[in-house]
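Enquirer: Pasting a structure here, questions to come.
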Amino acid sequence: MNIRVIILLFCLIVFVGGKKVHRFRLERRSHRHHKIPHAHLHLQFRNALRRKYGFTPLRTVNAVNVTSESGKGVVITEPLINSYDTNFFGVVSVGDQSFTMQFDTGSSDFWVPSSHCRFCIKTCGNKFFRKSNSKSFRSSGTPFSITYGSGSVKGIVASDNVGFGDLKIQNQGIGLVNISDSCSVFDGIAGFAFQQLSMTKSVPSFQQMIDQQLVEQPIFSFHLKSGSSDGGSMILGGSNSSLYYGPLTYTNVTEAKYWSFKLDFIAVHGKGSRSSRTGNKAIMDTGTSLIVGPVLEVLYINKDIGAEHNKTYNLYTVACESIPQLPIIVFGIAGKEFFVKPHTYVIRYDNFCFSAFMDMLGLQYWILGDAFMRENYVEFDWARRRMGIAPAV
């Protein structure tokens, strides 16, 4: 679901002690397409995001294997495609074929392009899966369709062995995409939300890792970095306390579909609290680049930071030179406060700077994407249905 966000730009581990913790090291690279799109693309994104979350307008990358110090873990290091610190990717294998994948906590399905997706191959330049090259591939022939914030995909459901580094899942349900209506800087998506959300009716990858006893703990974590070639890490099977400050603050999942939780408030430091009037529900979504919320709440926040509405792009813009003087945004979660600084919540493209707080007509909750997670480490506890959050190192 990763957003999936926004207009142009937007078309996500580390070994921890223990024998079955796997780390993907993420690296950063600027997007190859440097232009602000026309406003209608932004409208398309908003409409697709509405469909993804189920509400109406009214209401070749080479993986490097490195053995850990204990000799029992594997680190996969790869270059990332990262648009202005808004997208983070890793390499995953299907059969013996590798793909650049977005790790998305806002969706549940695993899909890659098939050889029949001419748009994916010819127009977008994505890698595609050759089923004839895989002895473990099996096709069910069942059709599927998925809508994301950045577009939609259609194809057939199949299965194959899937590898996250040396962690190999047997008979993972996958979607082979035959039709796509938009380009992405990644080849496919690996969903890390719960099975209830699956459109292919497949068991999600991380649930398979647990069922097949591939991970030591039913936990995965994200540590995203900004502004450097090292984009951070995703940890499969645990957490790494050296990547965050202090203890983790836990908040329970309120609906085992998305990684949803109760958000106490969002405030602009020095301006007072702007508590949500819409029930304080939020979703932690690594596949969304920005922070998306209800229209009035986003309006208040952008007003308090001095952002002005840009009618051309339907965004809130700020003067780039004002970024160091802008206030910190405070998020209240489980009785604790977490912060996002202005250099993170302002997205800069040359001399064009805009707020990461985007509104969505009809949205009644918040979606906390990479703009929040680049400042805050998040642990996702699958078994206990909770998330642990702490300021990131």
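Note: Cβ is positioned from N, Cα and C throughout, glycine not excepted.
TrEMBL lists D104, D285 with the feature active site. Positions annotated as disulfide bond by TrEMBL: C320-C353. Annotation comment: TrEMBL describes 88-390 as domain 'Peptidase A1'. According to TrEMBL, the feature signal peptide maps to 1-18.
How about a rundown of where these features are and what they're close to?
Expert: The number of other CB atoms found within 10 A of the CB of D104 (active site), across every protein chain shown, is 25.
Taking the Cβ of D285 (active site) as centre and 10 Å as the limit, one finds 32 other Cβ atoms among all the protein chains shown.
Taken residue by residue with DSSP, C320 (disulfide bond) is part of a helix. Applying an 8 A CB threshold to same-chain residues 6+ apart, the list for C320 (disulfide bond) reads V346, R348, N351, F352, C353.
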Enquirer: D285 (active site) to D104 (active site): how many Å between their Cα atoms?
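Expert: Cα-Cα, rounded: 7 Å.
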